[in-house]
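Student: Have a look at this one before I ask anything.
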Amino acid sequence: MSKEVIVESFELDHTIVKAPYVRLIGEESGPKGDVISNFDIRLVQPNEDSIPTAGLHTIEHLLAMLIRKRIDGMIDCSPFGCRTGFHMIMWGRHTPSEIAQVIKSCLEEIAETTTWEDVPGTTIESCGNYKDHSLFSAKEWAKLILKQGISDNAFERHVI
């Protein structure tokens, strides 16, 4: 007997979302009552644009550090294969508005003050593809995303 599996991200109608946005995909409770929250951090409009791998890779490394400086409980923030944003997994319950504020603050730091020396994990020892980074691209994309504003609603623009 095979188990039916539904992958939420493949059920989402990507033609009706309005990026950039933060969307709560769902919350799950563990056997001891612990809660994790899963977020869709969509930075560019699906099927219209994508962030080049080097820029996305650098944003990924920076977010790994910058998010943790701003909020407790981040488990992981990993890029989508389509290169339009990230999945972010958090301990506990959080609102899209709260996470959108954190992402906005991180992107502001990337766009305005980040230098190459600030990017963590860019050596052969600390990164599995250390040559594929671009701070220039990361900064330019951060500026473009911030110019559009980050919404806390995937379907109606509500810029925070």
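Using N, Cα and C of the backbone, Cβ positions are placed for all residues, glycine too.
Pasting the feature list from Swiss-Prot:
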- H57, H61, C127: Fe cation binding site (BINDING)
Student: Out of H57, H61, C127, which of the binding-site residues is least crowded by other Cβ atoms within 10 Å?
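Tutor: Per-residue Cβ counts within 10 Å for the binding-site residues H57, H61, C127 bottom out at C127.
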Student: Excluding H57, H61, C127 themselves, which residues in that chain have a Cβ inside 8 Å of the centre of the Cβ atoms defining the Fe cation site?
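Tutor: Going along the sequence, the neighbours appear as T58, E60, V119, G121, T122, N129, Y130, D132, H133.
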Student: Under DSSP, is C127 (Fe cation binding site) part of a helix or a strand, or is it coil?
Tutor: coil
